[in-house]
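Going by TrEMBL, these are the annotated features:
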- 31-222: domain 'FAD-binding PCMH-type' (DOMAIN)
- Arg176: active site (ACT_SITE)
- 211-231: region 'Disordered' (REGION)
- Ser226: active site, proton donor (ACT_SITE)
- Glu296: active site (ACT_SITE)
Amino acid sequence: MSKAELFSALNAILPGRVFLDEPMSRHTTWRIGGPADILVEPDGVDGLTALIALLQAWKLTPLIIGNGSNLLVRDGGIRGVVVKIGRGLGGIKITGAVVTAGAGAALGALAAAARDAGVGGLAFAAGIPGTVGGAVVMNAGAHGSSMRDVVQEVLVMDYSGCCTRLPAAALDFGYRTSCLKGAPLIVLEATCRGGLQDPAAIRREMEGYQAKRRATQPLTRPSAGSVFRNPPGRAAGQLIEQAGAKGMRSGDAQVSTLHGNFIINLGAATARDVLDLIRRVQDLVYDRFGATLTLEVQILGED
Ligand SMILES: Cc1cc2nc3c(=O)[nH]c(=O)nc-3n(C[C@H](O)[C@H](O)[C@H](O)COP(=O)(O)OP(=O)(O)OC[C@H]3O[C@@H](n4cnc5c(N)ncnc54)[C@H](O)[C@@H]3O)c2cc1C
């Protein structure tokens, strides 16, 4: 089946939600990435179920993304079908101290809804620009908390369309990882439990976190947050700064002068620029400290 035939067939079941040769730079916070053959953004669980059934019938494996805030897509783009889990699967329900959020909900919306309902424990998520699904997969966290501290269970769909509820204990959460990373499963929903708290106190906590972020992170330029994982007992950003790499450039990719672990896109950076800079930073830090920096961001696609 050609790309154009696939596009027509998918567009027949999800009209207006299917994009042909879609630049991935529109779907990553780095604003970098070549075209995906097909990108589909389902409008809800029924649409996703119909899509997955068709893909299975054609033996096509989807690549699932959320807000693309932890992704570097190479300049040649992605062959096959990318499924973006976004606002169409982004409902949020709160009962007492239990918050159930669709995988496509923005973490900021989750944190704000919890705050307004007086549910504490999710304030850490406010400034992380991912979706609930991406955050569960990555065990996203900040300010000493992470998804592991609040998630009770997740609803997942496999590539044959079967849905299962997995308790938190089955998710194997670790430092920016879970057993869902790379697994052939789509996160549909997460149920989180917080503690009842005064909304004004939660608001103050969130404002404190946001102020800290604004002071220490280059939030006005496209990036993917921390590029490298922190080596045990050390902060990658500090090692990069001490190695003298802050401000270093490859093309339009630059190691932030504010935060050494961020690489920002000055305007027209390519994935090649970022990968070149990543390698140079890794070499510098290794030569200076003997420390190996491994990637937190995930690299997808073709050269
Ligand atoms: C400015 C900035 C600040 C950041 N700060 C932080 C921070 O403080 N803490 C932190 O942990 N991270 C931070 N990040 C990184 C990023 O926001 C998180 O990793 C986030 O959880 C990624 O979510 P996403 O929806 O963008 O996922 P994506 O980047 O789209 O995907 C990440 C992974 O999750 C998978 N995935 C996404 N959605 C689903 C789904 N529904 N089902 C199955 N798999 C899925 C993808 O296949 C991929 O493997 C920051 C990023 C930026 C740009």
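Quick reminder: no glycine exception, Cβ is built from N, Cα and C everywhere.
Positions of the features from TrEMBL, shown on the structure.
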residue	record	DSSP class
Arg176	active site	coil
Ser226	active site, proton donor	strand
Glu296	active site	coil
Can you name the far-off residues of the same chain, 6+ from the ends of the region 'Disordered' (211-231), with a Cβ under 8 Å from a Cβ of it? 28-32, 69-72, 127-129, 143, 175-176, 237, 239-240, 256-259, 261-266, 278, 281, 291-297
Taking the Cβ of Ser226 (active site, proton donor) as the reference point, list residues of the same chain whose Cβ is under 8 angstroms away and which are at least six residues distant in sequence. Ala236, Gly237, Asn261, Phe262, Glu296, Val297
Near the Cβ of Arg176 (active site), how many other Cβ atoms are there if near means within 10 Å? 17
Let's see if you can do this one: DSSP helix, strand and coil counts over the region 'Disordered' (211-231), in that order. 6 helix, 2 strand, 13 coil
The number of other Cβ atoms within 10 Å of the Cβ of Glu296 (active site), counted over all protein chains shown, is 19
Taken over the domain 'FAD-binding PCMH-type' (31-222), the predicted model's pLDDT averages 98
